[in-house]
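Copied from TrEMBL, the annotated features are:
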- 104-536: domain 'Major facilitator superfamily (MFS) profile' (DOMAIN)
- 67-94: region 'Disordered' (REGION)
- 101-119: transmembrane segment (TRANSMEM)
- 153-173: transmembrane segment (TRANSMEM)
- 206-227: transmembrane segment (TRANSMEM)
- 239-260: transmembrane segment (TRANSMEM)
- 266-288: transmembrane segment (TRANSMEM)
- 350-374: transmembrane segment (TRANSMEM)
- 414-434: transmembrane segment (TRANSMEM)
- 446-470: transmembrane segment (TRANSMEM)
- 482-502: transmembrane segment (TRANSMEM)
- 508-529: transmembrane segment (TRANSMEM)
Amino acid sequence: MQSSTYAAVKGNAAFAFQRRSFFSNLVSRSATTTTGIRFKPLHSSASKAMGAKLARAENGIHSLSSVKARSGRAQASSGGGGGDEEEAMPLRSEGKSSGTVLPFVGVACLGAILFGYHLGVVNGALEYLAKDLGIADNAVLQGKSCFSYSSGWIVSALLAGATVGSFTGGALADKFGRTRTFQLDAIPLAVGAFLCATAQSVQTMIVGRLLAGVGIGISSAIVPLYISEISPTEIRGALGSVNQLFICIGILAALIAGLPLAANPLWWRTMFGVAVIPSVLLAIGMGFSPESPRWLVQQGKLTQAEKAIKTLYGKEKVVELVRDLSNSGQGTSEPEAGWFDLFSSRYWKVVSVGAALFLFQQFAGINAVVYYSTSVFRSAGIESDVAASALVGASNVFGTAVASSLMDKMGRKSLLLTSFGGMALSMLLLSLSFTWKALAAYSGTLAVVGTVLYVLSFSLGAGPVPALLLPEIFASRIRAKAVALSLGMHWISNFVIGLYFLSVVTKFGISSVYLGFAGVCVLAVMYIAGNVVETKGRSLEEIELALTSGA
């Protein structure tokens, strides 16, 4: 039984098989990061007393006097180190706030939906657009699976554009502001979708995909950044997972949009063109959304900051928060960090954690599982490709929804450890289902169970948490560039896996590859246990201190 399954899997490494490969982005994207409002940056090391005060503050209200007292103690206990640490004053209201952040989080998540939709739309449309554009026999142009290339021009152009966009999104947000960057981002998203929908040549199609890739790359940086800076601390984890959830919803929407293709082969143009609508809505919605109060104060725009705080948190918070933000801005004297500063001894440890989490996310095998999901389900009697993809997608959406509810209860580190541990066990089950003769009679069923469990495990932590942690562990001086570097690692590693995965499977066999992925998951558990600190309810100052001290 396992031999026939493996034969089906290898035989599926052709056009329809590769169409699944791009759908691998369904669960391999970084989730959103929400950290709450970060006020009061301090250019000194933290005192141990701050940790106790912050812990007690979880059950009480932060008064301005207590914040100043902590600041004084932190400054009094500074002794070198030069860390760019800052305190995040959690936003806690004594009564019901008259403001709200949810509508604006929803507007930002249009970027997440577009992220997912552009990733998934090619999955169903590739075969039909290839015939329409006259490249049905050109494996490289289509991105059709051939063992020297697993991603061709149409597929890989999106990843190339996303890499460029991810490296520029954070810098644009710092220069022009968060909401204006969203509006700028809507341009490549809309133009790219329009070019793809109206393409009469493969060259136009590639340009459209490249522009759409730039757009989703920028979105991958600014959606979590914006949500993190407007979210109250007590719900930042839940809101932080919303980005990942909407990415999954976007990909599922792309899958559903492809259902009419069988009856109407030209429907692929509508599939691409419909993405123009949310792009325009994103630009319009951001025109009515408040700018990040933190960014406004950093730019010296106090009047606008007051208006944003009133909209987000209510007028009762304006005086207190503007005062704290203004005080924090007075101590900011260091220039913006350069790219090489990220690799200095002062910042490298925290930067390496962000990059490593994304590398583990991609090299833990999520692409492999989705690449082979169709054949695995066929071995268990599930013949419909749409049903197989829908089951994987539904598992991811369900797991992400559960993660959203647990993020502020279990914490980020606990979810990461649970997630990678479950992924390791699932990969081991998948490997055994292909090779262990004693399980031959149940190999198809075990493979399906292993696949679903893997996707569920991934969506509980490895999917949403890495990007959620970025604004929490990066100090403001390096945040934009550090986020860009980490997300760049995400896109580059995704591209490399897509390029070489099938060649590795052909040489070593899928069972051995799955076993290797299980080993990567185990390494991830060990790395996270020793290097990642829990950020739930903790200030950036405390997080930075813990990372610096090796906690």
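Cβ coordinates come from backbone N, Cα and C, glycine included.
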Segment confidence, the domain 'Major facilitator superfamily (MFS) profile' (104-536), expressed as mean pLDDT: 83
Contacting positions for the transmembrane segment (206-227) when only residues 6+ beyond its ends and CB under 8 Å are counted: 29-34, 105, 108-109, 111-112, 114-115, 118-119, 122, 153-154, 157-170, 172-173, 178-179, 181-182, 184-189, 191-197, 199, 239-240, 242-243, 272, 275, 279, 292, 467-468, 470-471, 479, 483-484, 487, 490-491
Residues of the parent chain within Cβ reach of the transmembrane segment (101-119), under 8 Å, 6 or more residues beyond its termini: 22-23, 25-26, 29, 32, 158, 182, 185, 189, 192-193, 212-213, 215-216, 219-220, 222-223, 226-227, 230-232, 239, 242-244, 246-254, 275, 278-279, 281-282, 285-286, 288-290, 312-313
Winner by Cβ pairs under 8 Å against the transmembrane segment (350-374), considering only 446-470, 482-502, 508-529: 482-502
Other parts of the chain folded back onto the transmembrane segment (508-529), taken as Cβ under 8 Å at six or more residues beyond its ends: 6, 9-10, 356-357, 360, 363-365, 368, 372, 413, 416-417, 420-421, 423-425, 427-428, 430-431, 434-435, 462
